[in-house]
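**Q** Input: one structure, supplied below.
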Amino acid sequence: MEKYYESDADLGDLAGKTIAVIGYGSQGRGQALNLKDSGLDVIIGIRPGKSREQAEKDGLSVFDVSEAARRADVIQILLPDENQAQVYKNEIMPYLSENKCLMFSHGFNIHYGQIIPPKDVDVVMVAPKGPGHMVRRTFEEGKGVPALIAIEQDYTGNAKKIALAYAKGIGGTRAVVLETSFREETETDLFGEQAVLCGGVTSLIKAGFETLVGAGYAPEMAYLEVLHEMKLIVDLIYEGGFTNMRDSISNTAQYGDITRGPRVVGKESYEAMDEILCEIQTGEFAKEWILENMVNRPVFNALTRSDEEHLIEEVGAEIRSMMPQFRKD
Ligand SMILES: NC(=O)C1=CN([C@@H]2O[C@H](COP(=O)(O)OP(=O)(O)OC[C@H]3O[C@@H](n4cnc5c(N)ncnc54)[C@H](O)[C@@H]3O)[C@@H](O)[C@H]2O)C=CC1
Ligand SMILES: CC(=O)[C@](C)(O)C(=O)O
Ligand SMILES: [Mg+2]
Ligand SMILES: [Mg+2]
């Protein structure tokens, strides 16, 4: 697999080009501020609202989406996936003239055919493999979040250079940049966030918490055990894999880890993962998410509200308020 680092990318490939970051949320703010700090010409395309106010407060040049798209040579769409197709159609496509570059940080709308760009532009992806807030925080620490690049269309012959220069501008080449395809990024990202990183982890934590509390243990004990300490364990895995973590925990914990872990995440979980991946690959998940947004997200709202009201959130807020490191005074 091709790997790229700082020396493989040239910010000069974006010299004289205006980059419009459309959207100023988790990824938009992180990427735009990093690009600005990298000396690149970045503007923001955003509707009125809190994000726009934040972008103005951050000292960036802010425009309505259509004006930003008109001015830009590179248009990075960092809107919510579910909003991209409509904003693209009404406010970006009319200004997507020949030789411009359309960019994404997730392949959903291209891969599932919600956005079909004209043939005379470049279509690329630069996708940080991490939350937008961490894209900014690591950049400010002099480090970077790994990123993926993908080239869907290379009309100008410079698409990869532009993608690599952009990846460098947001700090990705400080870590590593790997090349993939829109399909592979889309399917692996959706699977990862659903089955492991977000869905899997929150469900595992909730199950552990409910088991302990249901058996009569104090919710505070359960919270510290299955949620608060999770970061400390995962940090060790992040730094050096399972081995590094196991070198740090007790032998008792390690024996429990390797013998009981597979009983918790066993055959049923593997079957569920296969089913979830299949729903992603067949487009079933994409269709469900698109339809959910067309009827104002009843399932999304109900399940989000239910978790917000979960005891673990109440207990967690109380415990975090007891710890100086979380106090914002
Ligand atoms: N959140 C993350 O850490 C990651 C996100 N991505 C991808 O990055 C893209 C952006 O995601 P996030 O940054 O999470 O989005 P977000 O929800 O944090 O921010 C979206 C931004 O778009 C603005 N916006 C929403 N609707 C708009 C409209 N109709 N017109 C103009 N502005 C509008 C919002 O005000 C906000 O500033 C998505 O494709 C996502 O899949 C990729 C990797 C990680
Ligand atoms: C942060 C990230 O990589 C996710 C989970 O894929 C996302 O926010 O879409
Ligand atoms: Mg992701
Ligand atoms: Mg994602």
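Easy rule for this one: first residue shown is 1, then count along the chain.
Note: Cβ is positioned from N, Cα and C throughout, glycine not excepted.
Bear in mind that TrEMBL entries carry predicted annotations, made automatically and left uncurated.
It should be emphasised that the depicted structure is a prediction, and the values quoted were computed from it without experimental measurement.
Copying in the features that TrEMBL gives for the protein in this structure:
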{"type": "DOMAIN", "residues": "1-180", "note": "domain 'KARI N-terminal Rossmann'"}
{"type": "BINDING", "residues": "Tyr24, Gly25, Ser26, Gln27, Arg47, Ser51, Gly132", "note": "NADP(+) binding site"}
{"type": "ACT_SITE", "residues": "His106", "note": "active site"}
{"type": "DOMAIN", "residues": "181-326", "note": "domain 'KARI C-terminal knotted'"}
{"type": "BINDING", "residues": "Asp189, Glu193", "note": "Mg(2+) 1 binding site"}
{"type": "BINDING", "residues": "Asp189, Glu225, Glu229", "note": "Mg(2+) 2 binding site"}
{"type": "BINDING", "residues": "Ser250", "note": "substrate binding site"}
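I'm curious about the neighbourhood of these features; can you describe it?
**A** In the three-state DSSP reading, Gln27 (NADP(+) binding site) counts as helix. The Cβ of Gln27 (NADP(+) binding site) has 24 neighbouring Cβ atoms from other residues within 10 Å, across all protein chains displayed.
The Cβ of His106 (active site) lies under 8 Å from the Cβ of Asp81, Met125, Ala127, Glu185, Thr186, Asp189, each of which sits 6+ residues away along the same chain.
With DSSP classes pooled into helix, strand and coil, the tally for the domain 'KARI C-terminal knotted' (181-326) is 128 helix, 0 strand, 18 coil.
Listed in sequence order, the same-chain residues six or more apart from Glu229 (Mg(2+) 2 binding site) with CB atoms under 8 A from its CB number zero; the list is none.
Cβ-based neighbour count (10 Å, all protein chains) for Ser250 (substrate binding site) stands at 10.
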**Q** Residues with Cβ closer than 8 Å to the Cβ of Tyr24 (NADP(+) binding site), same chain and 6+ apart in sequence?
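**A** In sequence order, the residues whose Cβ lies under 8 Å from that of Tyr24 (NADP(+) binding site) (at least 6 apart) are Ala32, Ile44, Ile46, Ser51, Arg52, Gln54, Ala55, Leu78.
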**Q** From the binding-site residues Glu193, Glu225, Ser250, pick the residue whose C-alpha lies nearest to the C-alpha of Gly132 (NADP(+) binding site).
**A** Glu193
**Q** Validating a neighbour-count step here. Other CB atoms within 10 A of the CB of Gly132 (NADP(+) binding site): how many?
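**A** Result for Gly132 (NADP(+) binding site): 19 other Cβ atoms within 10 Å.
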**Q** If we check Cα distances from Ser250 (substrate binding site), which of the binding-site residues Gln27, Glu193, Glu225 wins as closest?
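**A** Spatially nearest to Ser250 (substrate binding site) by Cα position is Glu225.
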**Q** Roughly how many Å separate the Cα of Gln27 (NADP(+) binding site) from that of Glu193 (Mg(2+) 1 binding site), to the nearest whole number?
**A** 16
**Q** Got a sec? Which of Tyr24, Ser26, Ser51, His106, Asp189, the recorded positions, have CB under 6 Å of any ligand 3 atom?
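**A** Only Asp189 qualify.
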**Q** Name the secondary structure element type, per DSSP in three states, that contains Arg47 (NADP(+) binding site).
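**A** Assignment for Arg47 (NADP(+) binding site) reads coil.
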